[in-house]
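In what follows, a single structure is set out as structure tokens and then discussed.
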Amino acid sequence: MAQQPPPSRFLGVTDLSSLAVTEDTVLVTLQERYISHKPYTSLSPAALVFLSPYSHLPIDDEESLLHYVEEYYQCNNEEGGSRNEQGWWKKKMEQPHVFQLALSAYYNMRRTGQDQVIIASGPTGSGKSELKRLAIEAITQVSLANPGKKGSKIGLQVSSAEFILKCFGNAHTLSNDEASRFGTYTELQFNERGRLEGLKTIVYYFERSRVSQAPINGERNFHAFYYLVSGAPEEERNFLKLGDVSDYRYLNCRVRRVGVDDRHRYSQLRQAFKLMGISSRLIAQIFQLLASILHIGNLRFSPSDGIQEGASVINVETLDIVAEFLGVHSESLAEIFSLKTVLVRKEVCTTFLGPEQAEQVRDELARTLYSLLFSWINEHINTKLCKDSFGSFIALVDLPGIQRNSGSMGSFNSVDQFCLNFAAEKMHNWVLHRVHETTRQEAETERLLISRVPYFDNSECLGMLSNPRGGLISVIDDLSQKKRSESNLLESLGKRFHNHPSMSISPQGNRSSASFTINHYDGPVTYSTSNFLERNANETSTDIIQLLRGDTTSRSQVSTTEGHGSSNPFIKGLFGMKNIAMQTHPRSDSTIVAAQQSVRPVRAPSTRRKKMMSLVPVSEEGGEETSDFQVGGGNDESYSSKELHCIAGQHWAAVDSLLKSFDQTQTWYIFALRPNDSQLPSQFDLRSMKQQVRSFGLVEMAQQLQTSWEVRLSHKEACERYNEELLYRGIPEGTGDVERLRDLKRLMSLNDADMGIGLQRVFLSHDLFRFLEDRLRAKEPGEQHAYEDLGHRKLQTDPFSPHRYQPTSFDSQDHVYKDPSIRPVDSSANLPLMEHAQPIVNSSLEIEDRESSAAPYVSYGGRSITDIEGYASSRDLLASSIHKSEKDPLDTEPQAGETTEVYRESIARRRWVWLCSILTWWIPGFLLSKIAGMKRQDIRQAWREKLAINMIIWFICGCAIFVIAILGPVICPTQHVYSTNELASHSYTLDPNNAFVAIRGEVFDLSQFAPTHLTAVSVVPTKSIMQYGGLDASELLPVQVSALCGGVSGSISQYVTLDSTNTTDVYSQYHDFRAFTNDSRPDWYAEMMIMMRHRFRVGFMGYTKKDLKKMAAQGKAVAIYDNLVYDMSNYIRQNGGGLKAPDGVNLTAQDQADRQFMSDQVVSLFKYNSGKDITTLLDNLGSTIGTDVVDRQKTCLRNLFILGKLDTRDSAQCQFSTYILLALSCVMVAVIGFKFLSALHFGSVRAPESHDKFVICQVPCYTEGEESLRRTIDSLCKLRYDDKRKLILVICDGNIKGFGNDKPTPAIVLDILGVDVNSDPEPLSFQSLGEGAKQHNMGKVYAGLYECAGHVVPYLVVAKVGKPNERQKPGNRGKRDSQMLVMHFLNKVHFSAPMNPLELEMYHQIKNVIGVNPSFYEYLFMVDADTTVDEMSLNRLVSAMRHDKKIIGVCGETSIANAKQSIVTMSQVYEYFISHHLSKAFESLFGSITCLPGCFSMYRLRSPDTNKPLFISHGIIQDYSENRVDTLHLKNLLHLGEDRYLTTLVLKHFQDYKTKFVRHAYAKTVAPDSIKVLLSQRRRWINSTVHNLAELVFLDQLCGFCCFSMRFVVFIDLLSTIIAPVTVAYIVYLIYLIVHDGSSIPTLSIIMLAAIYGLQAMIFIFRMRWDMIAWMIFYICAIPVFSFLLPLYSFWKMDDFSWGSTRLVVGDKGKKIVIHDEGKFDPSSIPLRSWEEYENELWDQESVHSGSYMPPKAEYSYDYPRTRSTYSHGGYAYGQPIHPMQTRSTSPVSSRYQMSQFRQSPYQSPYQGPYGGSTADFRSSRMDMAHRPSLDDTSSFHQPYQPAPRPQSSYAFNLPDPSSDSFTAPAVDYLGAQAITDSQLERSIRKICANAELDKLTKKGVRKELEREYGVELTERREAINRLVEKVLTE
């Protein structure tokens, strides 16, 4: 027998500190024990080293745990051994284990009352989280109440809580199957008796970035996703729209966890939620949110159509699913992916997002939702289990180890890894100092000797990281807050740390590899600087917050979709938690401008409220243990919600706070190591282990911990507690405490490591403390009973152990829900952590309070719910959601925050809807709502209207097709007949490939037949056969008469022949198989004809009636029967057929009689009706000779006498079908011809004269770039027109930043014009187009002089910035609104109507700053922001207006500026040219151009003679300012083609006026350069053209004469637009006929096409535009696209535009119910005041002396903030010296806005205060050009510098609250009662009535109150007051 090797001496070592500690001995010991399946080794009683076995070991089972529990309870110390032997008192202990360490910590806490902390340190993948689970399992076994008692089930809840966090926070990585992606502080809370009663879990830095990162090979996302996808039941999967794991971008990985069943884990997760008391509805919400995140990850985006739109979602179905689950509208959700809201200075700005940026927002949304869900789950668990006060706690700290991504698989180290590594570095430093420094310093204080062990201290690295002044974290946070770049980061780090040993920086040359490296205690880690600062800033999208959280400010009166947030209270509640910090707009608390999800925990570790420690006194059985201190707090660590901090700084503060909380605790250490990097069991990598031992300093720790004291007591306390032991050892009480303790140490043979006696305290090792305490425990009955009951008690195992794969039965645990200590959460989904509805947490959470049913829970929304909802099946779980989804939420009653408006439909509208219903009745509504996803009724109605219009268009196109292709064949059916000449043309000589031959009236294709004949008869060459081409070969094929004709009786002799003479073809003998031949085949001819008719027949011989008459005149017996021509001439001439019998056969009399096989009556018909149609006559013979005879005779005629068919191709109906198309074509060509004639103008271009008319050059801009805007503005400035008489008016439609722009459009415009960047006037209110409260808009006004190329031109900029609470495209209301702003303003100027604040500011800037009265302007010149105008164009347009006073609008020629940019632009050049020089020139003949392009046109504002308003008339403004755009027709008119519709309105309201085309006025614009943009543009143009022309057709009195009226031209234009696809298709068909079928060339059609394009070509030839030849070729090649594909695409996409959030429901009796979420708009909320009233009042209040200025006295007791109207010249801001255009000393006019005197709402406007502005006084040096002697003198522009006071003006909307104390009525007593307007009185009366008791209110009392308010006698105004009181009370 082989001898066993002796066991190693290191195998039995359980404590490393007991060795002669060296690195080698430590490694060998660890290796020996690890190989022997002993992964645990002690460093000291308070420190443990663990080597992960990478497999499950039996020592971690419940059986092993039971041994350690027994060891804990065992307290009968039997003294053994010699008293002189050192350590004789030590108990024999089990092998080191985490169970032992955890129970020791609990023992220490239980006996001392001191709080304990167990810190687990180690690299990632070393098993720290599993050690924590085992430690908690061990502690819960000894701390739970007995089964059946209160609190006995909290152990299951603790396990459930840990498992839930593990599911949502752990992931599979390359280094760890259960990698924790967050750090945890788990606090087990105990009462004074040591019973577990609470749990607090604090998360330190959750790695939220993993959610949106597609897993690299070998890794997975968070476990919860896979559990849900793999384990959800079928019904839930269907509801949540779940697929396979591979279907989701966030989950797509190639790894499968070994030994883990995701399906089973899902069941365990649900069970854990159940054990936590979470309701079924909340579980459903959690899983629904998980599914939403998965669907979010699958969203894909496509680029926009251009710079004016953001990215769009490709998979709209997925978007709808996400929107439904998140409780928001799909349109609102899609907006956050296309638009981003940022704060630029003080204004909200919108920027467009591309596909890549949209993907970033998508991922941010997913990260935000998941991290908030994780925080909510953790906080929900804490709310459930955490105590506010308790006796003591044991905390377990598990922070991730050093993270080190290799970068080889696409991953790199960034902020996440930096923060986690900093925490590990900080924790390691704390452990080092705790082990080496704290104990030594404590011993030195007590004058005890402990040797100092040198160790590696990482304080230098930590100081470099966390130095508050200049540390790395401080630098990073500072740069992040300043939004600096990556190069700035590297530069700053290089300056500060270039010589630091813990830092190295990579060169800045390669930006992609820019990085810095930190030498951590575990080795160097390289961090990439890519997006490092941006990630550190940790800014959460405010659009996401606003979308899902909504506006929670109660004072906000603006109701929007985003203002209400998610309709799902659970989702909305996530954003109401404390870990979201938000900053609001300075003028609107409801507008979030910055947000951040904090990484700092909302809770903090508990602390001891009295900083003292006392051992727990020994109590008698049943006695209640008490102490004079409590532990708790830290449950509300929320910080200011308006402070935003960076990630690194927050994490630093959180970790620092965590470590500070450990100061008063007893610390226990676990060092978890990785025996190898391959995660293989039983493999010990010596090199890796050596590195870990060194990095953690285990050798030095083992040396230092050779002296380890775990308990510290004062001398007195020790003597009192262990007095019995002292007396037992014979140590009397009389001596001093120190002497007694020294005697005890001597008697027990203790060394200094066991007991250290200091100056004030005595220090005990854990073993000695355990010995002494066990001696006391042995006398405690409670401890004895617990030990005795241990054998009868079953351990409460962890049901969620990773090594417990079998399904755990929880049936026996059902009573857990009856336990009063477990209170289920409110079954409503509204409960969790929502703002204004925080969960109620009792201050003590005592069990007695929980059992009370008198205080119900208060859930979100104020509902009281006291019932406990049990766990439901999947059907019940989602039943409410499923039923809810089946109901159309958009067709129901208005929801919260929505407004309903009712108005009536017009009769025409109702008729149209009725027609649409008739046309589309066959499409059920549920198909549109369920299948097509059209949830809203108005969208479904628009789709039906679109379909109806398309059906009408298709019908018209069908009619055109019918006329073109079908009408001819219907009138003149196609005949396949050939005349003799046509047959002759198909001879072998003339057409060898199409040789035809005729046989008895039928024509056959000889070319195809000949090869088959050669195959059958090879001796006859094909050429011989082809010689018959073009001939009649009837004689070549003799017929057997008896086989083809039955005669009169039904049979005839077989010897009867067709002719009496044998004049057949010489080759007929080869086909003669008649009866008299030797080879008789009676049916051969019939069989051959059947075959040939089927395969080779191409038609018949054709004979016209003229031919028949000619033959009849020649004596032939020919007739027509059933359109077939028959010839019986030979039969009649021969008096029958012939006879021929074979040799030897005699003919009988019957044979002779059978020669007349045709009836005499039939023969007579041919004789006497030759050349006529005998169809009727022959049919009538049936009554005479019998129908049988007639039928047989017809057969004989068809087989023997047929000559061909009747040829009707030259009949009248056929001629009509030909010439009707010709006539229509001629009409079309004639229109082109007239257009050509109208375009012919010869002669040179004359230079226009200079004019003195004032012109406004309006430039609306949206998102154009700086280059485009500068070109446009400069071109206007350079116009050869008097600079003083033109005003450049730029309207910025919204504060939006377009693609490629680095700043918003208003900022670009102001930079171009040279406005000072510091000038920032207050926004002013005005009324815009929009739904509800969207009509209230705000804008800023800037004015000044712009100098360019020697021109100095005044400008006015109106920047529409919107109200501060607008987020998406603030201020943007569309181009039509920009036009309406100017038209409204000029209309009010003309009629002196009251104006809003913005209009008054515009008036002031134009009149008092620029110096021109706005009423002087006569023309409005409209130019788009991408258009450049020729310098002579304005003069030419004005000349046309001056030449003809009846012209109301003119336009010039617009060409393409980017013609050669792409093939798309090239194909448009010729189209632009022809559309102007043909179409517009032709329309201009009639004075009615149907579309004046908005990019280059001019309108007359008023008539020159009568001063009648024209373009600014009420009619045009009223129709054009239609605010209710809710139908398909209106949207196409007002949203897609506003310029064309504006022209339509001009023609409609002023039919006597003209619109003209001025061919010599030029401008260039930018055309679409891509197919996608072109599709978008032409879709708008084509559809708006159709709808506008449809409007024009119904207008009366359009100019013109006869059929060439404008109405006719419009009709032709409309028709040509509609049938354009048919036209192209017909041309293609003609080409196909010519090329493929070989049809004859339609010469006439070719001539017409040549005429059309030839006339067009002549236009540019006459104009010497030779370059147009190439552009014409491009255009012709693109005709299929422009005239076929684009119209078809446009027609079908007619309803493809945003419908917004406005819903339209058709009610009863023609009522329309409009439901929207924009709130109601109160026009009185925008104050109005006429300029005259305002100006007169200012004159009355000011005093002017010799040009001096005296500021007026304020009428109110409060002051407005003073701002200035921006007025600049070049780069100088207003308020600085400029060159004045004219300096006048006349009395100035001040601009001050007295808001109290404007009409306003009786209640305070919601826009007062936050949107307010200021009023200020000014003195102006005006450019009043209307009264100058010489208006052409421009010398004033170049006068020397003359300083002058600058005007100040700002009309702001800042009303004081009349109810506030600061409100003081104006002093009007010097003006009397008449100075008070009725509107002021009404406002005051409303305020009085609102605050008074109506039953006690009297008119006299109201008048007294008014007198008191205004300080004047109001008796003379009594009647007015009484009337106003009655009006107010009756409303």
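Here the Cβ of each residue, glycine as well, is placed from N, Cα and C on the backbone.
Computed from a predicted structure; not experimentally measured.
What Swiss-Prot records for 11-777 is domain 'Myosin motor', and it gives sequence analysis as the kind of evidence.
Cβ contacts within 10 Å of Lys128 (ATP binding site), excluding its own Cβ and spanning all protein chains shown: 28. What Swiss-Prot lists as ATP binding site is Gly122, Pro123, Thr124, Gly125, Ser126, Gly127, Lys128, Ser129, and the listing cites sequence analysis.
The annotation N-linked glycosylation site is assigned in Swiss-Prot to Asn510 (among others).
Swiss-Prot lists Asn538 (among others) with the feature N-linked glycosylation site, giving sequence analysis as the kind of evidence. Around Asn538 (N-linked glycosylation site), the same-chain residues six or more apart in sequence whose CB sits under 8 Å from its CB are Gln596, Gln597, Val599, Cys646, Ile647, listed in sequence order. DSSP classifies Asn538 (N-linked glycosylation site) as coil under the three-state reduction.
What Swiss-Prot lists as region 'Actin-binding' is 655-677. If you average pLDDT over the region 'Actin-binding' (655-677) in this model, you get 92.
Under the heading N-linked glycosylation site, Swiss-Prot lists Asn676 (among others), citing sequence analysis as support. In the shown protein chains, 18 other C-beta atoms lie within 10 A of the C-beta of Asn676 (N-linked glycosylation site).
Sequence annotations record features per position, and here Swiss-Prot assigns region 'Disordered' to 798-817 (among others).
The N-linked glycosylation site annotation in Swiss-Prot covers Asn842 (among others) and is backed by sequence analysis.
What Swiss-Prot records for 912-932 (among others) is transmembrane segment, and it gives sequence analysis as the kind of evidence.
What Swiss-Prot lists as transmembrane segment is 951-971 (among others). Distant neighbours of the transmembrane segment (951-971): 919-920, 1213-1214, 1216-1218, 1220-1221, 1224, 1615, 1618-1619, 1621-1623, 1625-1626, 1629, 1691; these residues of the same chain sit at least 6 beyond its ends, with a Cβ under 8 Å from one of its Cβ atoms.
As annotated by Swiss-Prot, N-linked glycosylation site applies to Asn1062 (among others), with the evidence given as sequence analysis.
The Cβ of Asn1078 (N-linked glycosylation site) has 7 other Cβ atoms within 10 Å, all protein chains considered. For Asn1078 (among others), the entry in Swiss-Prot reads N-linked glycosylation site.
Remark: Asn1146 (N-linked glycosylation site) has no non-local neighbours by Cβ distance under 8 Å and separation of at least 6 in sequence. Here Swiss-Prot flags Asn1146 (among others) as N-linked glycosylation site.
The transmembrane segment annotation in Swiss-Prot covers 1220-1240 (among others) and rests on sequence analysis.
The N-linked glycosylation site annotation in Swiss-Prot covers Asn1583 (among others). Neighbours of Asn1583 (N-linked glycosylation site), defined as other CB atoms within 10 A of its CB across all chains, total 27.
Under the heading transmembrane segment, Swiss-Prot lists 1615-1635 (among others), citing sequence analysis as support.
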For Pro123 (ATP binding site), the one of Asn676, Asn1078, Asn1583 that lies nearest, given that the glycosylation sites are compared by Cα: Asn676
Nonlocal neighbours by CB distance (under 8 Å) for Gly127 (ATP binding site), same chain, sequence gap 6 or more: Phe50, Ser52, Ala672
Residue distribution over DSSP helix, strand and coil in the region 'Actin-binding' (655-677): 6 helix, 8 strand, 9 coil
For Thr124 (ATP binding site), nearby residues of its own chain (Cβ under 8 Å, 6 or more apart in sequence): Thr173, Ser175, Asn176, Ala179, Pro400, Gly401, Ile402, Gln403
Close in space, distant in sequence - Gly125 (ATP binding site), Cβ under 8 Å, 6 or more apart: Ser52, Thr173, Ser175, Asn176, Ala179, Gly401, Arg674, Gln679
Top Cα neighbour of Lys128 (ATP binding site) in the set of glycosylation sites Asn676, Asn1078, Asn1583: Asn676
Composition by DSSP (helix, strand, coil) of residues within the domain 'DEK-C' (1875-1930): 46 helix, 0 strand, 10 coil
Cα distance (Å, whole number) from Asn676 (N-linked glycosylation site) to Gly122 (ATP binding site): 13
Spatial neighbours of Ser129 (ATP binding site) that are distant in sequence (at least 6 apart) but have CB under 8 A: Lys166, Asn170, Glu178, Ser180, Asp398
Close in space, distant in sequence - Ser126 (ATP binding site), Cβ under 8 Å, 6 or more apart: Phe50, Ser52, Gly401, Ala672, Leu673, Arg674
Reduced DSSP assignment, Gly122 (ATP binding site): coil
Asn1078 (N-linked glycosylation site) and Asn1583 (N-linked glycosylation site), Cα-Cα, nearest whole angstrom: 80
Cα-to-Cα gap, Asn1078 (N-linked glycosylation site) vs Asn676 (N-linked glycosylation site), nearest whole Å: 108
ATP site shell beyond Gly122, Pro123, Thr124, Gly125, Ser126, Gly127, Lys128, Ser129, criterion: Cβ within 8 Å of Cβ centroid: Ser52, Asn176, Gly401, Ala672, Arg674
Surrounding CB atoms that lie within 10 Å of the CB of Pro123 (ATP binding site), all protein chains: 26
Assigned element (helix, strand, coil) containing Ser129 (ATP binding site), judged by DSSP: helix
